């Protein structure tokens, strides 16, 4: 796993690097002191990372702006914000962060995020397979926004478009559950990675689409979404 640490505080840099050195896995990492330095490296060498540990308060372009630029080039990278303040949470969700770590970063919390990142990347590469007429399709789980059941058909909504095929929503839900997908309506299964806001009666995705939440699935949807959000804070 290729990792970038973007942090201007030397003490925090050294701390995170010591955790990486002690972690029992094959890791490769680079350290950057500013957003400009990281973006210049990516632009020059076309060297992308699987996982970014980003300070938010950086000199010059801050961590949120840096990650917004990264997201334009790479939708799949995992971003972990390392910050002193939880109030940043609403500002940073626009760049789809994977987790948050609160300073001073504890070794146990850091190791937990590394394990979860490795697990997520493995799941992200898993694919949903289906047939449309004579053609077989394989869609990475990480590209799925939500699934919509319609009698004997399923409408699969992804970041790249929509696919319609014959299938059962319940069966697909069971297949996708390890990836954090949950049901919010008898006809809808959603990927929490793309949720911008959650209400009692609907879920708003980052692309502006609104998905209904039915009364019978409201409790389950709230619990699953809360579980997902707590995971981002390492709780």
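Heads up, the Cβ atoms here are built off N, Cα and C, so glycines get one too.
The structure displayed is predicted, hence computed values, not measured ones.
So that you can see what the record holds, here are the features copied from TrEMBL:
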DOMAIN    2-118  domain 'Response regulatory'
MOD_RES   55  4-aspartylphosphate
DOMAIN    128-227  domain 'HTH LytTR-type'
Query = Taking the Cβ of the residue listed as '4-aspartylphosphate' as reference, which residues of that chain separated by at least 6 in sequence fall under 8 Å from it?
reply = 6, 7, 8, 9, 12, 63, 81, 82, 83
Per DSSP, three-state class assigned to residue 55 (4-aspartylphosphate) = strand
